[in-house]
Amino acid sequence: MTDEPPPVIWARLSGQGRGPARTLDHGAITAAAVALADEEGIDAVSMRRIASRMGHSAMSLYRHVGGKDDLTELMYDAVLGELGLDGMPSGDWRADIRRLAGEMRRLHHLHPWITRFGHRPTLGPHALRFRETGLACVDGIGLEIDAMMDVLATALQFTRGFVAQELGEVEARRRTGLDREAYRRSTVPYLTQLLASGRFPALRRVVVDADDHPDPDAVFERRLEMVLDGLAAGVAP
């Protein structure tokens, strides 16, 4: 007989029912964990640290949250609740996907640690609302359900990739002490030598002609429109 995996945290929570208000419950623990992750990063989050912040013992937390895997799932769902989803679907699928992508980018900048999560479908209430809303935005535009999922996933995966690049720049600045402009200046002598060789004509055009101080918001919006243009090719007129 094979061992069955334990039920997901959401199934366990749904079986608890409602009881009297308590000062220590999974909601309070989750809020404390999110605050700690925002301040110090996800690697700083432990049951011991959270318990210390809340004035409880670590063992008392385990009566409400099974461990760090459960905790991070609760944390991820909690911050998804900050997404602005009211008014969607609006009937304009491009506008809705544009808004969803912008909201997801905003959320990642507020809580950079969430780049580590969300790779598997989760069943928390906010995750379910987000997924249901996203699919509703592309329903009724002539796509089968697999294609609807493809549209939503493509736009959101672009967004996560774009944000990963932005947050990577923040981390590089923290690690090296060089901001983007200082790093660019440090590359000039060697890059000049490379371009003088004539082996990199396309790269030379980038250096000479491209905008070297692009506005990140404008770049995100422009590239997202390119993604949406590609997705629109598969949508019924």
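Just so it is clear, glycine is given a Cβ too, placed from its N, Cα and C backbone atoms.
The feature domain 'HTH tetR-type' is assigned by TrEMBL to 23-83. Per-residue confidence over the domain 'HTH tetR-type' (23-83) averages out at a pLDDT of 93.
The DNA-binding region annotation in TrEMBL covers 46-65. Packing against the DNA-binding region (46-65) from elsewhere in the chain are residues 9, 24-26, 28-30, 32-33, 35-36, 71, 74: each is 6 or more residues past its ends and has a CB under 8 Å from a CB in it.
Each residue of the domain 'HTH tetR-type' (23-83) gets a DSSP state, and the totals for helix, strand and coil are 43 helix, 0 strand, 18 coil.
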